[in-house]
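J.: Sending over a structure as structure tokens; questions will come in a sec.
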Amino acid sequence: MERGMMEEQHQMLSKRKLRVCVATCNRADYSKLAPIMFGIKAHPESFEMEVVVLGSHLIDDYGNTFRMIEQDDFDVGSKLHTIVRGEDEAAMVESVGLALVKLPDVLQRLCPDILVVHGDRFDALALATAAALMNIRILHLEGGEVSGTIDDSIRHAISKLAHYHACCTRSAEQHLISMCEDHSRILMAGCPSYDKLLSPRKNNHMDTIHSWLGDSVQENQYIVALQHPVTTDIQNSIKIYSLMLDALTSFNKKTLILFPNIDAGSKEMVRVMRKKGIEQHPNFRAVKHVPFDQFIQLVAHAGCMIGNSSCGVREAGAFGTPVINLGSRQTGRETGENVLHVRDADTHNKIYHALELQFGKRYPCSKIYGDGNAVPRILKFLRNIKLDEPLQKSFCFPPVKGAFFQDIDHILETQSALAVDLGGTNLRIAIVCMRGKIVRKYCKPNPKTYESRIQLILSMCNDAIRDAVRLNCRILGVGVSTGGRVNPQEGVILHSTKLIQEWSSVDLRTPLSNELHLPVWLDNDGNCAALAEKKFGHGQGVENFVTIITGTGIGGGIVQHHELVHGSTFCAGELGHIMVSLDGPECMCGSHGCIEAYASGMALQREAKRLHDEDLLKVEGLEVKKVEAVGAAHLISAARLGNSRAQAVLKTASTALGVGVVNMLHMVNPSLVILSGVLASHYQSPVQDIISQRALVSSQGIKVVTSDLEEPALLGAASMVLDYSTRRIS
């Protein structure tokens, strides 16, 4: 049944549209994201798309480039002003912080299935961090690449946060695998911008060249310059920028120069440019932004491109445009033969000489970064994402030879609790490991006096502790389950049941802790049964449930919001003493009509004895020996064999318990009822029927299950120790 529900849920998830949020931070990443956005928009049957714009897109000094997104006819769902001006290291950090403050509201409102984020910018790191912390799947574009500066660290950090990867080259794919990313979640797609670069283009490039550089400029006779600051070496990048401007001025060719990005150091670079009068120089056209389509045309037909933009080592190769890469910003990038590197320079002569070597050349077109089919691959990859798969990503770490490690199975088996169960007849003690396995159990008759009982508990506990050493079990503490009303905070038994004599107003924690030198916890047997289910049974992971013990008496425990409910005077969960009749049989508590007076083992034994004494328990197939005490088992056997009187007694008992459970459903509204004890299997079906007949409609679907635990009292006592240990260790 559970498997069928999972399959049905999977089918529902696979049928609905995938909600994709595309977040763009600047003009550069939009050039890579736009082809994917057009692809998603072209398939409304498969995708719902939301567009979030932030970062330098919204800054006038950088061209207000969000307008080109709107011009491409995309609906911008959210615009977040996240840039703190200053263009220094502190401003970058503050911008990340501002983005992290604003993004949660947007992502919570959009509730996407997946966030698509590109590259290695600090804005993208904020996006990935917010999405990861909000349990939103992330597809990272262009991860695994290597370059200089802080961008490398940011790119790899985003890759570790991302759940899926669309990379551009085989080397990048291998880098991601080396970073322990799951190979099955890596797509070798190619660069999305290449889909546009390698598609047939309109032959209007001369109009573009003339509009930006003047009517007299011809193709291959101008330079495109774009240099960004290197955030890990700002002073050196400013020096290289200044030398580049000097070399370009001396080279005396028409040059389109773009302003640097918003990274730390850009303000100083702009000052250098203005100090040299570049904006007024007749050979230069200084601009903040060029639309990507036109920019690519300008790069494709330039005599040379110079600077440290990734466009130079990536997109320019698709046209064979000669490139001069300056400084360390692109160190490690895969490049074609069209790229000439100038790593450092002390004068502009080296850069000038590189211009002489490169200007006007044409190189073979390079397809290192793509073949023009990235978008179809990425869309197919998105369609195949299974939303019912675990969100927590796993890493494929290589085996480490000779490393020291602790095996969790060893820890779970050896860290153990000493569990004590004080019943009306027997005193039982067990060594219980972290998994809930009872390693060893001890049982002796429960003495009738306080002194004898305490001495026996201590003696049996000491025997168990000695055995635990031999069994390689480390005892973390002692948990005690006992009948009656208990103050677990003080470790005091307030009132005992009539079955355990001299056991009221007893401080049990102090003598056990002093003698055994271990922490001690205690609670009543009903609450312990609930704790056992919470840690080891049907209650694992269930927020609200009720456990009912059906044994000699009727007891239980209530778990609400994953916590055991004790009540103001520690009598919450005394389910056996819920009254279901005003004039019913007398209960051991002194009242009349309690569930326990109808449905407990003692009540059934009383009725069985009455029928037997009246010679009404007889039925073919049932033999009661004269020396044998008549009990609940005989009553149940007689009912199964067709004895109508026995059947009537059991029906009354089942109805009383069922009505009590319905009252519990209406009071605390649990999502699950667990029946524990020797009578649980007999009562499960009748109680479920009573719920369906008598409960409010909203509660009729609540399930009643029988416990699978053989020793709920001992396991519950142990869980008080083991849960505390887990919290303390972690």
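Cβ coordinates are placed from backbone N, Cα and C, and glycine is handled just like the others.
Nobody curates TrEMBL annotations by hand; they come from automatic prediction.
So TrEMBL lists the following for this protein:
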DOMAIN    45-382  domain 'UDP-N-acetylglucosamine 2-epimerase'
ACT_SITE  Asp525  active site
BINDING   His577, Cys587, Cys589, Cys594  Zn(2+) binding site
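I'd like to know what surrounds each of these features in this structure.
T.: Listed in sequence order, the residues of the same chain lying 6 or more apart from Cys589 (Zn(2+) binding site) and placing their CB within less than 8 Å of its CB are His577, Glu596.
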J.: Take the C-alpha atoms of Cys587 (Zn(2+) binding site) and Asp525 (active site) and report the distance between them in angstrom, rounded.
T.: 19
J.: Name the residues of the same chain, 6+ apart in sequence, whose Cβ is under 8 Å from the Cβ of Cys594 (Zn(2+) binding site)?
T.: Ile554, Gly576, His577, Ile578, Met579, Val580, Gly584, Cys587
J.: Summarise the model's confidence over the domain 'UDP-N-acetylglucosamine 2-epimerase' (45-382) as a mean pLDDT value.
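T.: So the average pLDDT across the domain 'UDP-N-acetylglucosamine 2-epimerase' (45-382) works out to 92.
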J.: Quick one: which residues besides His577, Cys587, Cys589, Cys594 have a Cβ within 8 Å of the Zn(2+) site's Cβ centroid, in sequence order?
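T.: In sequence order, the nearby non-listed residues are Gly576, Met579, Met588, Gly590, Ser591, Ile595, Glu596, Ala597.
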